[in-house]
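What TrEMBL lists as domain 'CP-type G' is 63-218. Residues or ranges marked as domain 'EngC GTPase' by TrEMBL: 72-216. Residues or ranges marked as GTP binding site by TrEMBL: Asn112, Lys113, Thr114, Asp115, Gly160, Asn161, Ser162, Gly163, Val164, Gly165, Lys166, Ser167, Ser168. Marked as Zn(2+) binding site by TrEMBL: Cys245, Cys250, His252, Cys258.
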Amino acid sequence: MSRGRIQKALSGFYYVNTGTQLLQCRARGKFRKEGLTPLVGDWVDVQELPGGQGYVERIEPRKNQFARPAVANIDQLVIIASHAIPQTDPYLIDRVSAIAVLKGCEVLVCINKTDLDPADDLYEIYSSAGLPVLRVSAESGEGLNQLTEAISEKLSAFTGNSGVGKSSILNALDPEFHLQVGEVSQALGRGRHTTRHVELYHLRCGADVVDSPGFSSFDTDELNLELKRELPNTFPEFAPYLDHCRFTGCSHTKEKGCAVLKAVREGKVPKSRHESYLRLYEELKPLKEWEK
Ligand SMILES: Nc1nc2c(ncn2[C@@H]2O[C@H](COP(=O)(O)OP(=O)(O)OP(=O)(O)O)[C@@H](O)[C@H]2O)c(=O)[nH]1
Ligand SMILES: [Zn+2]
């Protein structure tokens with residue numbers, strides 16, 4: 001039996017990287033009976049067969065999992081943003097980062113295209129929110145060393161609105177990482193969507209990444225009751241204030257004596273982050289406890 005990580009899933013086969021070889025595996029039937037599907041990113045035990053084949057025998061407990069795309073055990077979500085075309089709506093960053101925090105993923109906000117626009121406002125928001133934030137340019141190479149450092153020894157997923165430069169950054173980090181770089185459609189102000197299957201890639205700098213256009217569309221299935229219950233805790237910069245509101249059960253939306261609202265007024269919590277909180281709060285409101 002050998003241990004490895006599922007690197008790719010395609011047509012019922014799981015490609016398991018054991019560190020020395022890539023085994024083409026089928027999953028044992030028992031998983032289906034248990035309602036368990038092996039996912040890219042899973043650590044598994046494999047029974048080897050001749051000819052580089054094998055069976056997935058055991059799936060190790062997951063740190064987290066995502067539905068779109070189907071991946072497990074993501075250490076860090078790298079949220080790519082830009083203030084050049086196409087501009088990133090901070091709400092998208094905040095929505096994805098809330099989900100990441102809920103799932104136990106680290107978050108890194110990475111502002112790209114700084115050769116065109118330094119995106120000072122975005123940089124300011126995320127620095128004062130206390131989230132790790134980097135400025136890079138896939139074009140000029142600015143900040144790429146810091147990014148390399150931030151993703152090494154981890155499995156990261158790059159997410160961000162279409163055309164923001166995810167593929168370009170990955171290509172700049174590892175020139176052998178040939179990904180199709182779409183042309184930004186000037187007419188639409190956004191990139192053409194190029195779909196690929198989910199796969200883990202090992203970059204030369206020692207980082208693992210899952211490149212996944214689907215990550216930019218966290219759909220309603222990711223907005224769940226758990227997020228509704230935990231919402232204030234998914235904004236890390238709210239933490240120092242959450243226990244100081246006048247009322248227990250404060251929703252931090254409009255209550256008198258709310259310590260979070262006070263921190264927003266005093267400029268200790270970025271206004272735009274709290275605006276995103278309010279928007280998410282409204283989006284999650286219709287979810288009912290009994291509608292599981
Ligand atoms: N000036 C400049 N252009 C960039 C930079 N990074 C990417 N681009 C351009 O932006 C466009 C979109 O880049 P992609 O890497 O395809 O963006 P993506 O996020 O992978 O897009 P999707 O595959 O649609 O999700 C391309 O024309 C790139 O050349 C940058 O740092 N500076
Ligand atoms: Zn409050």
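Glycine residues also receive a Cβ, built from the backbone N, Cα and C atoms like all the rest.
Curation does not apply to TrEMBL; its annotations are automatic.
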CB-centroid shell, 8 A cutoff, Zn(2+) site Cys245, Cys250, His252, Cys258, site residues removed: Tyr241, Leu242, Arg246, Phe247, Ser251, Thr253, Glu255, Gly257, Ala259, Val260, Leu261
Cα separation, Cys250 (Zn(2+) binding site) to Ser168 (GTP binding site) (Å, whole number): 43
Pairwise CA distance, His252 (Zn(2+) binding site) versus Gly160 (GTP binding site), rounded so that it is a whole Å: 28
Residue, out of the binding-site residues Asn112, Thr114, Ser162, Ser168, whose Cβ gathers the largest set of other Cβ atoms within 10 Å: Asn112
Longest CA-CA distance among Asn112, Lys113, Thr114, Asp115, Gly160, Asn161, Ser162, Gly163, Val164, Gly165, Lys166, Ser167, Ser168, per record bound to GTP, angstrom: 19
Binding-site residues near ligand 1 among Asn112, Thr114, Val164, Ser168, Cys250, His252 (Cβ under 6 Å): Asn112, Val164, Ser168
Thr114 (GTP binding site) versus binding-site residues Cys245, Cys250, Cys258 - nearest by Cα: Cys258
Euclidean distance between Cα atoms of Cys258 (Zn(2+) binding site) and Asn112 (GTP binding site), Å: 36
Other CB atoms within 10 A, centred on His252 (Zn(2+) binding site): 23
Nonlocal residues around Cys258 (Zn(2+) binding site), in sequence order (Cβ under 8 Å, 6 or more apart): Cys245, Arg246, Cys250, His252
Annotated binding-site residues Thr114, Lys166, Ser168, filtered by Cβ under 6 Å to ligand 2: none
Tally of residues which DSSP labels helix, strand or coil - the domain 'EngC GTPase' (72-216): 42 helix, 35 strand, 68 coil
Per-residue Cβ crowding (10 Å cut-off), top of binding-site residues Val164, Cys245, Cys250: Val164
Least buried by Cβ count (within 10 Å) of the binding-site residues Gly160, Lys166: Gly160
